[in-house]
């Protein structure tokens, strides 16, 4: 992603973007190593089915969600349509992969007679995932489907941005709750695994902090291209019936 920033005078933003990519890959590598080696790999059935859940949630709700949030900061010369499509595709990938993780843990609980939805992790997780689905549906309806009034899009955009960031941070917090729940009774008997999981938790927090900082910098926001400004005003005139010169 950082190559798209090379021609921009954006201070140290390219280094933060590069750092976020390294952190994201490190999170996935540590999660995979933990589950594949110390938790004895992955299976879709039996006692190892649970291992599918944390990998899918870290990949989907944390890494891919974070990548989707960075699209409008990183790709500054590509058309708005291209960046919008990439943003939406990354979110739908995150949604599908996370859905696999949710199904895996429910099936694992059912097969082993464990109760569902009893822990704080599960409550936060299902609320975050449900809101993520609603966020995607509403965002798709307003920003991808042609003909939606300019006023509705402009009014909802701040809420869309806020909930996107809030759900990303909520996903990281829920992941930390899940890691603690998984390892709570095993720290004393598996110290090496405990260190690895704690390291993963710290890296998840740093990954979230770096992306959150990039998103808070308004001066790093993607500027509209000249042709996009003209199209935006034409679209507003078409859907609202007013003239740009009247504003």
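Just so it is clear, glycine is given a Cβ too, placed from its N, Cα and C backbone atoms.
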Swiss-Prot topology check: residue 79, residue 225 same side of membrane:
yes
Integer Å distance between the CA atoms belonging to residue 73 (heme b 2 binding site) and residue 119 (heme b 1 binding site):
36
Proximal residue to residue 221 (heme b 2 binding site) among binding-site residues 53, 116, 121, 153, 181 (C-alpha distance):
153
Across the whole of the topological domain 'Vesicular' (31-51), what does the mean pLDDT come to? Round it, please.
79
